[in-house]
Amino acid sequence: MIFLATLPLFWIMISASRGGHWGAWMPSTISAFEGTCVSIPCRFDFPDELRPAVVHGVWYFNSPYPKNYPPVVFKSRTQVVHESFQGRSRLLGDLGLRNCTLLLSTLSPELGGKYYFRGDLGGYNQYTFSEHSVLDIVNTPNIVVPPEVVAGTEVEVSCMVPDNCPELRPELSWLGHEGLGEPTVLGRLREDEGTWVQVSLLHFVPTREANGHRLGCQAAFPNTTLQFEGYASLDVKYPPVIVEMNSSVEAIEGSHVSLLCGADSNPPPLLTWMRDGMVLREAVAKSLYLDLEEVTPGEDGVYACLAENAYGQDNRTVELSVMYAPWKPTVNGTVVAVEGETVSILCSTQSNPDPILTIFKEKQILATVIYESQLQLELPAVTPEDDGEYWCVAENQYGQRATAFNLSVEFAPIILLESHCAAARDTVQCLCVVKSNPEPSVAFELPSRNVTVNETEREFVYSERSGLLLTSILTIRGQAQAPPRVICTSRNLYGTQSLELPFQGAHRLMWAKIGPVGAVVAFAILIAIVCYITQTRRKKNVTESSSFSGGDNPHVLYSPEFRISGAPDKYESEKQRLGSERRLLGLRGESPELDLSYSHSDLGKRPTKDSYTLTEELAEYAEIRVK
């Protein structure tokens, strides 16, 4: 047997230390399973000058002093022992050979304790050795797990049981190792200070799933019912793995957002929430929330969760998308252009999701784009009709914002067709309506009189600017002859245009001039008729008083086409306008009535096809009197 084969080694060690003095050698501690036996190896020595004929010995329990009457475990002289050890103790060694090995059988827990040996050589040659052995009665195998078990690294777990009973030898097996991959088992017998230990070694590579796994070892004794089991839980260390995290998150501006990060690791990880390299929150925990109150578009972006411990780290990201209405659009580009130039205007905004962008002018859609943050408006060759106010509108499901901008188109003067002259008796009034940008200069030329009057001569010309329209009015008084030719000339830095102004109501002027002559002729004819009637009716005394008065000039016929966009009361405006024109054309002490049949235009920035409206705020005019 292995036990007997290795026992001489213990004796060799003891023999080498013999020095001819009182002394004993035995293991300081020894273990055995309950219900089995234990052999306590023992060797003693005494001085060489003592030559006893017979050597006796006594084993005591828990005390080395006889006067304390300790329980006698074994006594070679009388075989009288304490009742607890009756039938349980036996001396295996030969005291004559200084071998005091003791065998205890049918172990029970109360037998655990200290065992002392006393040598009896006869007479006064008795000696109780201070050396003793402590017996430990066990009932579970001892499973030894390394202090650090790391996932992915091979580990060795040992199961150790005492093997100090020569009559019963344990057999070891592992329990619960099926979930540990493909483990290998090795067995060996190990001697430790005179005691023997049966060892089973289990080799395996643990995983993170093995953390907390309950691993068992069983010691069974053949041909008996004795079985002893021991268990140990594996504490497997492994790096963090993030197992719980929000997917992409969408939130409306101003709402509350809670981001969760959960990780599995041993030991627990340090969890850190970060954004753009900045730490927002951290804690040693299995899960960590990041709460964002009333989120803004500035908090839109990618958030990272970092989990780390001494064995590694893991990280994941989540994208937070903050949904919000478009910001007020910004407009970059040309705001002033020359007629014929190409104009490029960029309207941009920011929103989530991207908006629908539209550019309007007078409720007409000029350009639009869907789900884009920028819109480019291209006008390849601008005209005066492109001048005006534009709107860039951005909208999505969360709101709408708009920005107005103006495009100013600069162009050469255009004298509108409603420009004309009107005459009544000795007064001529000329109206020149010019559309231009920038504001032009206006001059009236009378070729027959070799006279040129411009708008700076306020006593003759009145001018008023409204939007792109410039209205200049020239008043000529004392014109008794045929109406003069009047040429209106307008110029700015882009060009010059001239137009001979047509006359309206020229036939009325003619009748006004021949009116006195016609009255004289009519009077002569009337006298002749009266004389004839008098001669034929001599008996009739008829006194006729005939008077003829030329009367006032006939009323001037006004035929305006009054078109003012957005006017609340068209007819009231017409009456005010007529009164204003009468004041403008009024003679000294008279109210001349002229035929002014010209269109009225909206003084705002309207297309040229709209008519011109003369407002009642015009002042009194100076007169040019022609002798």
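The chain as shown is numbered from 1 upward.
Backbone N, Cα and C define each Cβ position, glycine as well.
Partner cysteine of CYS42, as given in Swiss-Prot, is CYS100 (from among CYS37, CYS100, disulfide bond). Disulfide connectivity taken from Swiss-Prot links CYS488 to one of CYS432, CYS531, namely CYS432. Annotated range for region 'Required for normal axon myelination in the central nervous system' in Swiss-Prot, selecting from 528-577, 578-627: 578-627. Per Swiss-Prot, CYS392 makes its disulfide bond with CYS347 among CYS347, CYS421, CYS430. Within the list TRP22, TRP174, TRP196, the entry that Swiss-Prot describes as C-linked glycosylation site is TRP22. The disulfide bond recorded by Swiss-Prot for CYS261 reaches one of CYS217, CYS305; that cysteine is CYS305. Shown in sequence order, SER441, VAL442, ALA443, PHE444, VAL461 are the residues of the chain, 6+ apart in sequence, with a C-beta less than 8 angstroms from the C-beta of ASN454 (N-linked glycosylation site). Comparing the recorded positions GLN126, THR128, ASN406, ASN450 on other C-beta atoms within 10 angstroms of each C-beta gives the minimum for ASN450. For CYS165 (disulfide bond), the nearest neighbour among the recorded positions TYR124, CYS159, ASN246, ASN450, CYS488, judged by Cα separation, is CYS159.
Taking CYS261 (disulfide bond) as the reference point, the glycosylation sites whose C-alpha atoms are within 10 Å of its C-alpha, out of TRP22, ASN99, ASN246, are ASN246. Broken down by DSSP into helix, strand and coil, the domain 'Ig-like C2-type 4' (413-508) contains 3 helix, 58 strand, 35 coil. Summarised as a single figure, the pLDDT of the region 'Interaction with RTN4R and RTN4RL2' (20-325) averages 93. Between the two most distant C-alpha atoms of the annotated ganglioside GT1b (d18:1(4E)) binders (TYR65, PRO66, LYS67, ARG118, TYR124, ASN125, GLN126, TYR127, THR128) there are 17 Å.
Counting other Cβ atoms within 10 Å of each Cβ, the glycosylation sites ASN99, ASN223, ASN246, ASN315, ASN332 show the lowest value at ASN223.
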